């Protein structure tokens, strides 16, 4: 093989590995307002005038193991939880293989199995639309659950770690830096962040957050990088342990702690090819959760919303109370005339118009 053939071979190999387009930074402005559907709404969805929150949304590091948002309706004969999916986007063979590899890694390390959809009413739809970036909703909502993985000659979400990250959102994981204990591990530099982006750095109280006592993990595939949503030339986060400053947000794969939290959500019998109960006992993972019933939460003659997005959905006329009453009791019970509306109604071409079918 002469030098020209060798160089051509290297170029072709790199092209196949990198796929189409440049990598989309899921933690930057180029990816829209967030890679989580519930955080992609207008900034007024959560009201912030400072790093101190003015009202408390119900966000968690990981879903409770008895959350109604788990994919718990279907199991196979081995007790694995099934998430039906369809790939409706246009992807090439290499990209489809990358998506399938990400699914296989999750299956090999947890009790979650992503299976091709037949006629199941609740499912994940993996789609590819130019200009949409990478995003997914947290947990299972009725009907279609969008997993947007844009890929074209300009830019792409199809890297194994990014696909795993978005699938973990669907399964039930939020971002690592949102944990209640994050201040012991990182400093969020609010002076370097536009106020409209403060919701991306919401810290949860220990009463709200569920970490299952799994240690904070700089290597998590769910961790933001140091520049996430920062002003140009600035960083938004500084790690307390300096050797991890350039590590956060740059994983090549899910960490063992990521898999442990998924296993905790679904009470898997096996986790990373080990008996999960042994892992629980050895690492003191906490599986006990507050009881969540399937009925609306009643307080006297009133009831409360169990999802922080309920008021926003109602104000946008996107709240379908036939299917969401269990989660949005207060918003569904309140007269429409008393609902606080938000200025700046989205146009027909806005993101919320495009994704509102998720909630209907």
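Any Cβ shown, glycine's included, is placed from N, Cα and C.
Taken straight from Swiss-Prot:
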SIGNAL    1-21  signal peptide
DOMAIN    61-269  domain 'Peptidase M12A'
CARBOHYD  108  N-linked glycosylation site
DISULFID  111-268  disulfide bond
DISULFID  134-157  disulfide bond
BINDING   165, 169, 175  Zn(2+) binding site
ACT_SITE  166  active site
DOMAIN    299-336  domain 'PLAC'
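Residue 134 (disulfide bond) and residue 175 (Zn(2+) binding site) have their C-alpha atoms 14 Å apart, to the nearest angstrom. The closest partner of residue 165 (Zn(2+) binding site) among the disulfide-bonded residues, by CA position, is 157; the full candidate set was 111, 157, 268. Highest Cβ count within 10 Å among the disulfide-bonded residues 111, 157, 268: 157. Secondary structure at residue 134 (disulfide bond), taken from DSSP and collapsed to helix, strand or coil, is strand.
Here residue 169 (Zn(2+) binding site) is positioned 18 angstrom away from the residue listed as 'N-linked glycosylation site', judged by their C-alpha atoms. Regional average pLDDT for the domain 'Peptidase M12A' (61-269) in the model is 93. Note on residue 134 (disulfide bond): other Cβ atoms within 10 Å of its Cβ, all shown chains, come to 25.
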